[in-house]
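J.: Right, I'll just put the structure down here and ask away after.
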Amino acid sequence: MPWPRPGTQPWPPVDARLDRTPCPTGRVPSASLPVDGGRRSGPCIPAGGICLLVLSLRPGAGRVQMLNPQFLVLFGSQTGTAQDVSERLGREARRRRLGCRVQALDSYPVVNLINEPLVIFVCATTGQGDPPDNMKNFWRFIFRKNLPTTALCQMEFAVLGLGDSSYTKFNFVAKKLHRRLLQLGGSALLPVCLGDDQHELGPDAAVDPWLRDLWDRVLGLLPPPPDLAEIPPGVPLPSKFTLLFLQEAPSTGSEGQRVAHPGSQEPPSESKPFLAPMISNQRVTGPSHFQDVRLIEFDISGSGISFAAGDVVLIQPSNSAAHVQQFCQVLGLDPDQLFTLQPREPDVSCPTRLPQPCSMRHLVSHYLDIASVPRRSFFELLACLSLHELEREKLLEFSSAQGQEELFEYCNRPRRTILEVLCDFPHTAAAIPPDYLLDLIPAIRPRAFSIASSMLAHPSRLQILVAVVQFQTRLKEPRRGLCSSWLASLDPGQGPVRVPLWVRPGSLAFPETPDTPVIMVGPGTGVAPFRAAIQERVAQGQTRNFLFFGCRWRDQDFYWEAEWQELETRDCLTLVPAFSREQEQKVYVQHRLRELGSLVWELLDRQGAYFYLAGNAKSMPADVSEALMSIFQEDGGLCSPDAAAYLARLQRTQRFQTETWA
C-alpha cells in the first residue's frame, strides 16, 4: 500500500454547508478523547502546537508496513531558529530511516494540506504576536472564516512554538495556530510545545523533552523498515550537496549574483535583488554620542521598485574581506577555487543566490553566515566530522543535552561567532569536507529596515536610518552587527557602491481620508517609518500629523530636527519631543503622552485618530500601552475593564498599529 502523497486535489469548496459533511476518512467519532489534560467530543482529536507534523497513518487505523514512511515539517521562521529546529527534525527522521520533507510555510502549496496525514508545524512569534514573514500568506489562508470545520480531519499534527516570555504575547502564533487546526478538524499528537528564549538553557529546555515524546508517537505510527537499523548520532548523515571542483575556469559565462536589471518586467525579490547605487552614507548622531546612526540613501531609478509609507526594504549583507580570508585560511580553502553545486537528492534544489559555477570567495563572502552565533546543531555536525579526539570530545559535550549550560556560557552569552568557534577547534576546522559547508553553516539572512522616505518627496530615491550595532562582551573583540557594520563601511565617496535590496509591504497602513488625524510614537530609530508617512501625508495635503519622538539629547540624536521644525512652521506637524537625559528625572515618550492625555483622548475618541507605535520591542510597547490605559481612565472616564476593551477595539479595527523589533 503506497503512502499518500500531496496531490492536486484542491481545497474543499469553501461553503458553510460542508461543515456538516462527514469526515472523509470515515473516522468514528470519539465520545471522550484526552486533550491537554481535558476532554472533548467530536470526530477529530485536537491538535497541539505551532510545529505541525502530519503523519500518513491514523491511530487505530491499523499498522501497515511501509517501505518509505514520510511526514511533513512546515516552519515559520524570522531569525532562523524555527528553521534550525525544523531541519533538526528532518535529520532525526533520516536517522530513523523515515522520509521527511522540510519547507517554509509560504513555499508550501497550502491547498495540498488536506492530503497530508502527518504534519509538524514549527513557528516563531515575532514583534507583538505577529507571524514570521515566511508564513504570513499561510496565516491569512488558514484563518479564512469560510473554511469547513472538517477540512483537516484526516490530519495528525503537532505544533512547536518558539517565543520569548518577556513579551506579553508569548508564543501567541503557536497557541493560535494550535486552536485553529483543532477548529478545522485536525488531531493533535501532543500538547503545543512552548519554547522560551528567556529560559537559562534557551528553547531547548522545552524542545528536547517534547521531541522525545513526539518521536515515541511518530514511531508508533510510522514504524521504520525492519531491515534498516537507526543511524547512530555520531555518524554524519550524507551532505545535501556535493561540490564539484573545476580544474579551470569555464570558457563561457561569469560568476555573479542573480540580480534584477533596470527595466526588468519582474520586481526585485530575494532571488533577484536590485543592485542599488548608494548615493550617500551620512552619520546623523553627534561625534560624542555613544551610537553611530547612519542616514543612507539609494538610487532606485529604473528598478521597478515602488513603495508607500510603512513599507520595508530588505538588504542582503556580505561578510568582511578580513573574515572571509581568515575563514579560508582556517579551513585550508583556496578562495579562487571554482566549483559547481549538485544536490544529492532529486527533490532538493540549489540555492538561487549562488551562481553556477561559484568561487569559494563568493560562497563565503555572500552566502555563509560565518559571523552568526552557532546553534547547537552546528556543534552536533562538527562533532560528527571531527577526527581530533580531544576536540571531538568537547564538541560532543556542547551538543549534548547535559552540556547546554556550558555551551551557553561558551557561545551564547559572549556572542561567539562561527568563525571564532572554528578558530578554537583548528584541527576539526581543517578537516571539514567542503561538501558539508552548506549543511554546517546557515545562509546569511536579509535584514529588514523601515523605509524612511516617501517617493512623493524623493522620487527615485530610498532612504533608511541605520543604528550601527556594536557592543562589548567578555571577548576581546567587540561584537558587531553584520548588516549595519557592513553598510557603515561602504563609502560611495571612494567609488561606486551597489547594495542588493528589494522591498515588501510593512505592517503599518495609514488612512487615506484627508481629515483623519494620525498620532505617531517613534523613539530613536523607530521614527524612521513616520518620516516616510509624514512626507507622504504632507505631499497629499494631510496636515493633522502628531509625532511623539524620543531620544537622549537634543544636540546628539535628534534625527531630522530641522525638517520637523520647518513642517511645524507650515502647520503640517505637531511635534512632541522627549529628551530622556536632559534632566535629572528621565523623560520618555510615554510620559509625554500622559502629559497631553486630554489631547490624545480627544483625537482618538472624538476625531477618529489612528495611533501608531514603532521602535524597540522590549519594554517600550508595554509602557506606551500602559500610558494609553491611564489616559482612557483619567481623561476618558472609563473603568479599567472598559479601558482595556477600548484599547482592544482600537487594535481590532487597525486604529492602533505597531511595528517593533528586538
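Numbers here mean position along the shown chain, with the first residue as 1.
Any Cβ shown, glycine's included, is placed from N, Cα and C.
Keep in mind it's a predicted model, so treat the numbers as computed, not measured.
Marked as region 'Disordered' by TrEMBL: 1-35, 253-272. Per TrEMBL, the feature compositional bias 'Pro residues' maps to 1-13. Sequence annotations record features per position, and here TrEMBL assigns domain 'Flavodoxin-like' to 71-215. As annotated by TrEMBL, FMN binding site applies to 77-82, 124-127, 162-171, ASP197. What TrEMBL records for 271-512 is domain 'FAD-binding FR-type'. Look at TrEMBL and you will find ARG415, ARG447, ALA448, PHE449, SER450, GLY481, LEU482, CYS483, SER484, TRP661 tagged as FAD binding site. According to TrEMBL, the NADP(+) binding site annotation covers THR525, SER580, ARG581, LYS586, VAL587, TYR588, VAL589, GLN590, ASP623.
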J.: Name the one residue among SER77, ALA124, ARG581, ASP623 whose Cα is closest in three-dimensional space to that of LEU482 (FAD binding site); these are the binding-site residues.
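T.: Nearest by Cα distance to LEU482 (FAD binding site): SER77.
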J.: Considering Cα atoms only, can you say which of ALA448, SER450, THR525 is the nearest neighbour of GLY80 (FMN binding site) among these binding-site residues?
T.: ALA448
J.: Within 10 Å of each Cβ, count the other Cβ atoms and name the one among the binding-site residues ALA124, LEU482, VAL587, VAL589 with the highest count.
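T.: It comes out as ALA124.
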J.: Averaged across the domain 'FAD-binding FR-type' (271-512), what pLDDT does the model get? Just tell me the whole number, please.
T.: 95
J.: Of the residues named as FAD binders, ARG415, ARG447, ALA448, PHE449, SER450, GLY481, LEU482, CYS483, SER484, TRP661, how far apart in Å are the Cα atoms of the most distant pair?
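T.: Per the listed residues, the maximum Cα distance equals 26 Å.
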J.: Distance check, please: Cα of ALA124 (FMN binding site) against Cα of ALA448 (FAD binding site), rounded to an integer number of angstrom.
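T.: About 17 Å separate the Cα atoms of these two residues.
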J.: Between the two most separated Cα atoms in THR525, SER580, ARG581, LYS586, VAL587, TYR588, VAL589, GLN590, ASP623, the residues recorded as binding NADP(+), what distance in Å do you get?
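T.: Roughly 19 Å, rounded to the nearest whole number.
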J.: Write out how many residues of the domain 'Flavodoxin-like' (71-215) are helix, how many strand and how many coil, based on DSSP.
T.: 58 helix, 35 strand, 52 coil
J.: Do me a favour and check the Cα-Cα span between THR525 (NADP(+) binding site) and ASP164 (FMN binding site); whole Å is fine.
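T.: Cα-Cα, rounded: 23 Å.
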J.: Any idea what the Cα distance is from ASP623 (NADP(+) binding site) over to TYR167 (FMN binding site), rounded to a whole Å?
T.: 12
J.: Among the binding-site residues listed here (ASP164, ASP623), identify the one with the smallest other-Cβ count within 10 Å.
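T.: Per-residue Cβ counts within 10 Å for the binding-site residues ASP164, ASP623 bottom out at ASP623.
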J.: Give the distance between the Cα atoms of ARG581 (NADP(+) binding site) and ARG415 (FAD binding site), rounded to the nearest whole Å.
T.: 29
